[in-house]
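Trainee: Dropping a structure here in structure tokens format, bear with me for questions.
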Amino acid sequence: MRLVLLGPPGAGKGTQAREINQRLAIPHISTGDMFREAIKRGTPLGRQAEVYIKGGRLVPDEVTIGLVQERLVQPDCRNGFLLDGFPRTVAQAEALDSWLSSRGERLDAVIDIEVPRDALLERLTGRRVCRQCGATYHVRYNPPAVPGKCDACGQDLVQRADDTEATVNKRLDVYNEQTAPLVNYYRQRGLLKEIDGSQAIPAVILAIGRALGRDWQ
């Protein structure tokens, strides 16, 4: 199956992507991982992307799209793929559709994991990280034995700058502004599968399976 995975920060996309990867035996293609691999291998597009990333600039669509195409022709994508982090805009979605069509292919579905904003805020702002060993906790869902202290090494736990309420709200605003047109684009094409991501993790993957016509009991 050829799939796209959408969802805001904190929606649990990584967890669900691993489940989908295992159940459908298709590669999980994260844009971030794809950039890092292309840069590491020193491909022409990877070198172009590196210039923009090192300069703190957005990688242009033509470079990103080229990298995606480069990745999707690899042998492990013969039976499908799960794209995560691409497309981000309608222009990218149109480019992907056009390229797939030129190969006689099309997307099978777009999975949109939806979680209420207050739940996302709780998930993200509650994260704590050990400044010494990097172990991660959550004040509600995975608290340390001693509040504020790492179970592994006893050092202080801190909240990352990315996880403050102001920063999380900004990230969610940017995501919603950027993704709303994309969601509408795929809804109009009958590809969108909206999934309640506020359920327990096992329930979410079962819901994804049902949306794809699979019985993953």
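Please read every residue number as a count from 1 along the shown chain.
The backbone N, Cα and C atoms fix where each Cβ goes, glycine too.
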Trainee: Any idea which of 30-59, 60-89 is down as region 'NMP' in Swiss-Prot?
Mentor: 30-59
Trainee: Name the residue, out of R127, R189, R210, that Swiss-Prot lists for the same ATP site as G10, A11, G12, K13, G14, T15, T136, Y137, Q199, please.
Mentor: R127
Trainee: Largest pairwise Cα distance, Å, within the listed ATP binders G10, A11, G12, K13, G14, T15, R127, T136, Y137, Q199?
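Mentor: Across G10, A11, G12, K13, G14, T15, R127, T136, Y137, Q199, the widest Cα separation comes out at 22 Å.
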Trainee: Under a three-state reading of DSSP, tell me whether C130 (Zn(2+) binding site) is helix, strand or coil.
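Mentor: DSSP call for C130 (Zn(2+) binding site): strand.
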Trainee: Under a three-state reading of DSSP, tell me whether F86 (AMP binding site) is helix, strand or coil.
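Mentor: It is coil.
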Trainee: What does DSSP assign Y137 (ATP binding site), in three states?
Mentor: strand
Trainee: From the Cα of T31 (AMP binding site) across to the Cα of G10 (ATP binding site), what is the distance in angstrom?
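Mentor: Pair distance, Cα basis, whole Å: 17 Å.
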Trainee: Which of these binding-site residues has the least crowded Cβ, counting other Cβ atoms within 10 Å: V59, C130, C150, C153?
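Mentor: Comparing Cβ neighbour counts within 10 Å for the binding-site residues V59, C130, C150, C153 gives C153.
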